[in-house]
């Protein structure tokens, strides 16, 4: 050990800018830092079950690490989600069918991280098949929330969020196709960012719906603060990435936009009309909106367009345009995890029975009926083309609305607090807050701003929901018992304006911190 005077507990509590500073000036050595995080991660894993494996090659990486001294992430240990390719390791997606097929080479993201001096040291847990916002599978079991072991960390990047939230990693990489970076970040009280799809390389990442092009997956950073996410984006958006994956547009990180302090025009909505936010979600949103207004930003009401139709007919029908066949084919080889609830059963039900169920439910539960209708997918290539055309049209409509209101960014509620176990698989409706921005391919990130109060908890007894259906009743049960859990807001910008989104997130984070300080005094 090169730094005997540094306690490993004090190393793992440093912020990322502090840590990179100490590694750069040599007051901390990479080996000391790596072992400190390994120790902390292993200790956390005993309680949280957040890791799928330790990457032992990280120790060998230390030998040549000095060659990367100029890298922006020199000596920083990094955690990566299970589906991110690392040579010699499985990308299981939590399904038995993908076991024992170790990656033949590193994914582009891992290669670039290494070139920037980062040390990927651990892979983290996911839900079976990744199309779920819980975090359990029959191979590695269920991950728990670091703030409360009776709650789920969310998913699908749940192992990442639990590990970072518990202090066992300082920076991680997740993926997001419906909220899979943002939901666990919110449930675990950290920051997460879903960039514009294609801004970062997806080469070498594994999926159970490969070839689905209606709703795009995105890979992005997760960390303890917004500055960590920005530093990670800055490190990744380099010539190495652009030359290794020429399908990534060669746009370096725009530091000027990120650091700007011009007042913003901020669109906002407290309720999307499809799923009523929980009391703590709504309160955290209102408090943040007030802080932004007091800081001199202009707030403009913005109503998301046609959410009901868009979710069922574009998003669900898009992701399951093959009627879920590809996804189900990956689940065949092994047992089904309890966290998936009825998802595989509903998907596996023959089309004509789905149609029948949808018709029968329509008068009583229109939202659930329409959701099952969406799972019928498309019947022909021509229908799929039409679906893609409708998605393009929707993106243009929403963009026109942004232009009409002349807003820079959007402030939205963020799903929370963390659920009790076995509810994620039963509840599609709350995904309206995150899934919309995968369909639109708008960058979106999450900042923790508050925690659930006794008052929020008491207000759950008055929660009616948007439809008063089974989903609304189940949602109350899902979020019950959440006092003290973190609550977040979501920040959104237009495609390729990733730096603007991060800049807005930083503003929210700083105003929240200032307000907490003011309250203390």
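Glycine is treated like the rest: Cβ placed from N, Cα and C.
TrEMBL: automatically predicted annotations, no manual curation.
Just so it is clear, the model here is predicted, and its values are computed rather than measured.
The active site, charge relay system feature in TrEMBL is assigned to 81 (among others). There are 30 other CB atoms within 10 A of the CB of residue 81 (active site, charge relay system), with all protein chains counted.
What TrEMBL records for 156 (among others) is active site, charge relay system. Neighbour density for residue 156 (active site, charge relay system): within 10 A of its CB lie 33 other CB atoms from the protein chains shown.
Its Cβ taken as reference, residue 180 (active site, acyl-ester intermediate) is surrounded by 32 other Cβ atoms within 10 Å in the chains shown. Taken from TrEMBL, the feature active site, acyl-ester intermediate covers 180.
Within 10 Å of the C-beta of residue 130 (substrate binding site) there are 27 other C-beta atoms, taking all protein chains into account. Annotation comment: TrEMBL describes 130, 156, 177, 178, 179, 180 as substrate binding site.
The feature domain 'Amidase' is assigned by TrEMBL to 33-502.
Cα to Cα, residue 130 (substrate binding site) and residue 156 (active site, charge relay system) are separated by 6 Å. For the pair residue 156 (active site, charge relay system) and residue 81 (active site, charge relay system), the Cα-Cα distance reads 9 Å. Distance noted between the C-alpha atoms of residue 177 (substrate binding site) and residue 81 (active site, charge relay system) is 14 Å.
When the Cα atoms are compared, residue 180 (active site, acyl-ester intermediate) and residue 81 (active site, charge relay system) turn out to be 11 Å apart. The two recorded residues residue 179 (substrate binding site) and residue 81 (active site, charge relay system) have their Cα atoms spaced 15 Å from each other. Summary: among the binding-site residues (178, 179), the fewest other C-beta atoms within 10 A of the C-beta are counted at 178.
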